[in-house]
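I'd like to ask you about the structure that follows.
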Amino acid sequence: MGEAARHPDGDFSDVGNLHAQDVHQALEQHMLVDGYDLVLDLDASSGVWLVDAVTQKRYLDLFSFFASAPLGINPPSIVEDPAFMRELAVAAVNKPSNPDLYSVPYARFVKTFARVLGDPRLPRLFFVDGGALAVENALKAALDWKAQKLGLAEPDTDRLQVLHLERSFHGRSGYTMSLTNTEPSKTARFPKFGWPRISSPALQHPPAEHTGANQEAERRALEAAREAFAAADGMIACFIAEPIQGEGGDNHLSAEFLQAMQRLCHENDALFVLDEVQSGCGITGTAWAYQQLGLQPDLVAFGKKTQVCGVMGGGRIDEVPENVFAVSSRISSTWGGNLADMVRATRLLETIERTQVFDTVVQRGKYFRDGLEDLAARHPSVVTNARGRGLMCAVDLPDTRTRNEVLRLMYTEHQVIALPCGGRSLRFRPALTIAEHEIDQALQALASSVTAVAESV
């Protein structure tokens, strides 16, 4: 029976009897519904395969809820453990204010996070819902630190600045609106600070074939950074960057550039802050991308795969004894993250640790990257700049239209879900558990779609 026949008046008051076919119509009455046309079957989907509850089609998921499902959907270590499912249900009944009322599941999560993902040099932790708020609180920590360092009081604190990169996406909340600069539609008409912004020296791949261009881009960016520090007259509180700019185009920043920026921060008494919301929790082959780049950040914002977002702090933050991690309610929120998310995250992190998933990511990431490079070699006029660190992989297409058409064909003809980024890039965000034969299917879908687009020109 069709939607109109069952609900001719658009009345969905019998929500207990809502069917998969009704989902889009029910949502459209109250919301902008511009996502995928499938309806996620939460029971039938598994691993890297999403099932459409309407058509029963299976989709290879290289999206993973915007890189937030580390072990895919319905991981066996969760759904096949009845005792754990009961534990998760108990945690979901109530939503306690974790910063004020403590519990065993909360403490277990914190200890597990510190053991599996923690950095001994960044012992301070803060948890909150949402990646933007993770970055927001990292910025607050840096701004407070700098204000105390300089002995500033209001209104002089308004002079403090945050140095950041072009093509950054740090979120869509208060302070982060002044940093995000990918698509104008995400920040237009919202008041923003005029904080200093320098070019992003994204590596062209393979780096060995673009040494001169890459070095020149980094030289210009570093010169602009020096000029920004000089112009700010000591008022830059921090520099923040994504080690790999996700939404901005999967732009990889070199270890040499980021190390140079870290030195500039030290020379100018500013904190060095990394946004690892998308690149953290193992997708690059280590807990954090910065661990492969020879960096020692003072603050790291995290989220997505960690289920609970937040900030790791340490380094020079403790040069100010009354920093935000040490003063009651200086940074806080009602729930300080969600307890049910923490219980789920604990099991996910235990599974990651037990199965040594990060080692697998290194191997599968190389396999994926080799396949993308081979595809680029076979279609040099269409596929370029194949790149990746671990499973955080991407390619460029000639223009936005071509990229969008390739994505459309992958989805409609091959049931493969991937993501756009930047002006003409196509990115892959699979679960850390994706198998080689599933990578093969992804590569075949991409190759077939690229061929179809090339032949239609």
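Cβ atoms here come from the backbone N, Cα and C positions, even for glycine.
Residues or ranges marked as pyridoxal 5'-phosphate binding site in Swiss-Prot: Gly131, Ala132, Gln278. Annotation comment: Swiss-Prot describes Arg172, Gln278, Arg427 as 2-oxoglutarate binding site, evidence class similarity to another entry. Positions annotated as L-lysine binding site by Swiss-Prot: Arg172. For Lys304, the entry in Swiss-Prot reads N6-(pyridoxal phosphate)lysine, with the evidence type similarity to another entry.
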Return the member of Gly131, Ala132, Gln278, Lys304 nearest to Arg427 (2-oxoglutarate binding site) in space, with distance defined Cα to Cα and candidates limited to these recorded positions.
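Checking each of Gly131, Ala132, Gln278, Lys304 against Arg427 (2-oxoglutarate binding site), the shortest Cα distance is to Gln278.
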Translate the DSSP assignment of Arg427 (2-oxoglutarate binding site) into the three-state scheme.
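Going by the DSSP assignment, Arg427 (2-oxoglutarate binding site) falls within a strand, counted as strand.
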Can you tell me the three-state DSSP label for Gln278 (pyridoxal 5'-phosphate binding site)?
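For Gln278 (pyridoxal 5'-phosphate binding site) - judged by DSSP and reduced to three states - the answer is coil.
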2-oxoglutarate site residues Arg172, Gln278, Arg427: biggest Cα-Cα distance, Å?
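Maximum Cα-Cα distance: 21 Å.
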Please report the Cα separation of Lys304 (N6-(pyridoxal phosphate)lysine) and Gln278 (pyridoxal 5'-phosphate binding site) in Å, rounded to an integer.
6
Do you know offhand how many angstrom separate Gln278 (pyridoxal 5'-phosphate binding site) and Arg172 (2-oxoglutarate binding site) by C-alpha?
15
Could you list the residues of the same chain, at least six apart in sequence, whose Cβ is under 8 A from the Cβ of Gly131 (pyridoxal 5'-phosphate binding site)?
Gly171, Val277, Gln278, Ala301, Gly303, Lys304, Cys309
How many Å lie between the Cα of Ala132 (pyridoxal 5'-phosphate binding site) and the Cα of Arg172 (2-oxoglutarate binding site)?
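Computed Cα spacing between Ala132 (pyridoxal 5'-phosphate binding site) and Arg172 (2-oxoglutarate binding site) is 6 Å.
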Going along the chain, which residues six or more apart from Arg172 (2-oxoglutarate binding site) have their CB under 8 A from its CB?
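The answer is Ala132, Thr180, Lys186, Thr187.
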Could you state, as a whole number of Å, the largest distance between Cα atoms of any two of Gly131, Ala132, Gln278, the listed pyridoxal 5'-phosphate binders?
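Overall maximum Cα spacing for these binding residues reaches 11 Å.
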Which residues, in sequence order, are found in the same chain with Cβ within 8 Å of the centroid defined by the Cβ atoms of Gly131, Ala132, Gln278 at the pyridoxal 5'-phosphate site, excluding those residues themselves?
Gly130, Ala134, Val135, Phe169, His170, Gly171, Asp275, Val277, Ala301, Gly303, Lys304, Cys309
Check Arg172 (2-oxoglutarate binding site) against DSSP and tell me helix, strand or coil, would you?
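For Arg172 (2-oxoglutarate binding site) - judged by DSSP and reduced to three states - the answer is coil.
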Hey, what's the Cβ neighbour count for Gln278 (pyridoxal 5'-phosphate binding site) at 10 Å?
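Result for Gln278 (pyridoxal 5'-phosphate binding site): 27 other Cβ atoms within 10 Å.
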